[in-house]
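Notes follow the structure.
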Amino acid sequence: MAQKGVLGPGQLGAVAILLYLGLLRSGTGAEGAEAPCGVAPQARITGGSSAVAGQWPWQVSITYEGVHVCGGSLVSEQWVLSAAHCFPSEHHKEAYEVKLGAHQLDSYSEDAKVSTLKDIIPHPSYLQEGSQGDIALLQLSRPITFSRYIRPICLPAANASFPNGLHCTVTGWGHVAPSVSLLTPKPLQQLEVPLISRETCNCLYNIDAKPEEPHFVQEDMVCAGYVEGGKDACQGDSGGPLSCPVEGLWYLTGIVSWGDACGARNRPGVYTLASSYASWIQSKVTELQPRVVPQTQESQPDSNLCGSHLAFSSAPAQGLLRPILFLPLGLALGLLSPWLSEH
């Protein structure tokens, strides 16, 4: 008669880990508890497609007078990060709502929660479309309960460095092509994009640029996308996250900010670099603790993306610094390649 086995210390540890992962995936037993940041139940995606419910649990929808206008990222039980340009001074705080845990915007889900705003804190350096400081802190009216579908993303510390070429993911509910809205039931869209250095991005944005409308990617910005175009952000969903994976956790590397047209060649998406504002964020919300990002790889030169045009200086041009087409209600995920292939 065989004896029942007794678990040793190593086996007990393995069981504990499996139980913990099971709680995260099921959403039971962990609700109301402090959730670790940057944990998502799904693997990283490639290309552009509809997300799975709960795949990006920090993604929020921001509405004004009941209409979706921007995205945002949950960073704690009561705070969301978005873009400053989503909150014009003439708009009233009371007319905004934040929808958390949503997947299909046009469908009801008991997993989604809606909150009004207690406070909106735009960065003081934000002046106009395309300027520095395109970031805003939003305080929910009351703390939200975490679940499988509602979880925070990690905030990177000020010294965080994300290497060129790192494949990150931008998410949103915006247009899938210029002037083409996302079809009902409007599932959350996701697109994998590689990071591009600021110098190369500046070079790309000044290829065939109009002299009267200079472009300048500033130090508090980061670029991501494809030189050949076709897959990019488009109008409808600024403020949403550019999420980057490092050693199993997702970090809020960028906040969708501005761009020139949708999916145009030599015009990658431009994002507010969240780590540039780590100190400001902590000065406003002391309980928000930015996380040190492990340096797993060095940035590789990407000047070849701009070819012979790289002689462009990274110094700002004189005059008004604004893109040819800035989309005032934000940028949304424009999965142009799949759409173009069907038309």
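Every residue gets a Cβ built from N, Cα and C, even glycine.
Because the structure is a prediction, the values reported are computed rather than measured.
The record in Swiss-Prot pairs Cys223 in a disulfide bond with Cys201, which is drawn from Cys154, Cys168, Cys201, Cys262. Under DSSP, Cys223 (disulfide bond) is assigned to a strand (E or B) in the three-state scheme. Using Cα positions, the member of the recorded positions Cys70, His85, Cys86, Cys201, Ser238 nearest to Asn159 (N-linked glycosylation site) is identified as Cys201. Here Ser238 (active site, charge relay system) is positioned 5 angstrom away from Cys70 (disulfide bond), judged by their C-alpha atoms. DSSP gives Cys70 (disulfide bond) a strand state.
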